[in-house]
Structure formats: C-alpha cells, structure tokens
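Peer 1: Got a structure here, written out as structure tokens. Questions coming.
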2 protein chains.
Amino acid sequence: MKHKPFVIVVSAPSGTGKTTVLNYLKTLDNNLFYSVSATSRAKRPGEVDGRDYIFVSRQKFERWIEQGELLEWAEVYGEYYGTPRKPVRDALSRGMDIIMDLDVQGKRSLEREFKDDLVSIFLLPPDLAVLKQRLISRGAEDEEKLKLRLALAESELRWAYEYEYWVINDDVEKAANRILSIINAERMRQKRVIYKDLKK
Amino acid sequence: MKHKPFVIVVSAPSGTGKTTVLNYLKTLDNNLFYSVSATSRAKRPGEVDGRDYIFVSRQKFERWIEQGELLEWAEVYGEYYGTPRKPVRDALSRGMDIIMDLDVQGKRSLEREFKDDLVSIFLLPPDLAVLKQRLISRGAEDEEKLKLRLALAESELRWAYEYEYWVINDDVEKAANRILSIINAERMRQKRVIYKDLKK
C-alpha cells in the first residue's frame, strides 16, 4: 500500500525508557527515517556525531536559527537543541515517514509546522511506582536531587493529555511493536492512502 | 494495556473478498467479538444458524424492530437484515471490542449509536480491473447481469470516502493483519487507554 508520508513524535517522562524503545524499534522492519537533533553542547564520551546528535558550534546553531533552518529549537541549561529542517524534508520527499524524539515543546512546534501530518505518541511507565524505582536505581544520587527528579517526572507525566496515542512501556519489545502498529495504522488513514481508482 | 472497548465496522464493494479476510482475521490472536446479523430470509445449504446468520421469522424480526432490539436493520429484496443489540452490548460490557461486517447504511446507523466509539474500515480491491476480473470469474453469468454487478461495485467503491481507514486486499493474510494493526492502534488512542495514574 502506498501512502503520503507523515511525521511521528514520541515523548515520555524522564526514566520511561524512551531511548531503549526507539533503539529497539530501529531493529524492526520498517521504512522510517530517524531524525537526529542538533546541539551546541559538547560531545560526551561514547557519543557519535550524526548518530546521537549533530554537534555544531553555538555560532553555527545561531546562524541556523536566523536562516530558518530548524523545525524547532530550544535553549536548555544554556545549550541549544533543535531539529534541522532539511534532512526531514528530504526524507519526506523520498516517501519516508519520520520519527522524532522530542519533548512537549518540540511536539507543539512540530504540530504548527505539520498539522494533520503529525502523529503524536506518549510513552508511559507501567505506573508511577515503577518510574520512581527506575529513577532511584539510575544511580546513587543525593536525596534532594532524587526528589527533584521525581517531581519533574510526575509533572512531565501530565503532558500525556496532549498526545493522540498512549503506549505503556511494560516491556521494550512490546512497546516498540505497539509504536509500529500505530505507525502502520496511520499509514492506512483514508487521507493518506494513495489509491489510483479513487481521486482525492 | 487496558482500554475502553469499541466497535469496528468493515465494509467493502461486492467482490473485494471481505468475508475471506474477516474469516482469516478470526484465526489471528485477538480479543474480538464477531457480531452475527439476524435475517428473515431462508437458510441456504451449508449455512449454520448463529454462525452465518441468526435465522428468525418475519414476525419475530418485526417484533425486534418495534421493541428496539436492533442496532440497525434494513429490508433488502423483501427480506430483513439487522444487528441484534444485546450480544453487542453484552460483549462490550465484558471488555471485548466488536467487529461488524456491514454496508454503508449499516455503518451510518452505527455511527449515530456509537459516535466516537466506532472505527470504520473500508476494504478495497487492489484496483478496479482486479475487481472486475473477480466478478467475472465468480460464474458464468449472462452479459447484462455482469454489467449490472460491475456498475454496482463501482458505485459501492465510492462509499470509501466515508471511512476512516482504507485497507487494500492484495493478499488475504496481509489484509487481515492490516485490519489487526488498525484495531491495535485504536486500542491505544488516548481517549480509550485506562491508566490508573492519569485521571480522565
């Protein structure tokens, strides 16, 4: 079946395991383009330019902002993060669907840009207790840092109401397959299907 | 994942192979209730009461109409066809999603009854030429009957615009799995997902 390509945004509260799920999704057979964010922050050990982020200087990032080269961008703790427009547009014109890992602000910007061509998915922890456990097991943090992280995660959980789909991450493989089901279903929406014997 | 159950309607132009696809769907693992229509017409050889149709007398069918026992009904060539309300309501209250094989009139009635809890899928032949071939190969009909059937199928194809999803039946197994993907995705719509840590 042929369809008009679209953009999928996946968001999640901290500690939900979004990166692991999206990495597993990459191993499943599909025609998805994984958008890579650009950032002005320094590369950390183990990170690969073009895979984890596109690492650019502050000057270059600011030029991109001025020239409208970014689909969305934000400054977080003094560093820039954003989505370059060109790779996304190029992949769409090659008929690929795009998947993006963004927070709620990024998702809102993308909605303004893509409107009906945006599908939003919110990944949820099995429940809040599990999320708390995951945050605790991430490392020996001091008490106050941990409390702040828990409060942040609970607040981020409320973004869920802005998203079309909710996927629970009780199991990485299941969660990735659920996202794939949503993408496959969205490819079959009437407005997207290309069928030569019915004009639109 | 838990969800609020809903109703799926599948329609298709004559000759698209809808019955074969829905029978294949029954063999796939899922929690679907297959609604069986009632009819006043006589049982044909090989048909089983309660599986192919619920066979009832005209008098009983008319009593059901009067008592509001049918979700939708129509008279076609002098015989009644309709969907009994009780089995559907019972299955929904047991948490099962319902699948119904209906024409566009039936789908419209169900929309009035279930509103947002209805998902509509239109099954399409690979293209009109294939549909014509299938209708021809169905049997040695006289020329005029065949022309009428082709005209009917072409006209039925235009119902497609009223449906949320289009599924192409180029292969029975693929088509059934596409329908299953749509059902799985609809189970993850925000409005349907039951998640104890987020009230709605």
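Yeah, the Cβs are placed from backbone N, Cα and C, and that goes for glycine too.
As annotated in TrEMBL:
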type: BINDING; residues: B:ALA12, B:PRO13, B:SER14, B:GLY15, B:THR16, B:GLY17, B:LYS18, B:THR19; note: ATP binding site
type: DOMAIN; residues: B:5-184; note: domain 'Guanylate kinase-like'
Peer 1: On a simple 10 Å Cβ count over all chains shown, which one of the binding-site residues B:THR16, B:THR19 is most densely packed?
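Peer 2: Within the set of binding-site residues, the most crowded position is B:THR16.
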Peer 1: Check B:LYS18 (ATP binding site) against DSSP and tell me helix, strand or coil, would you?
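Peer 2: In three-state terms, B:LYS18 (ATP binding site) counts as helix.
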Peer 1: For the ATP site given as B:ALA12, B:PRO13, B:SER14, B:GLY15, B:THR16, B:GLY17, B:LYS18, B:THR19, which other residues of the same chain have their Cβ within 8 Å of the site's Cβ centre?
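Peer 2: Everything else in range on the chain: B:LEU123, B:PRO125, B:ASN169.
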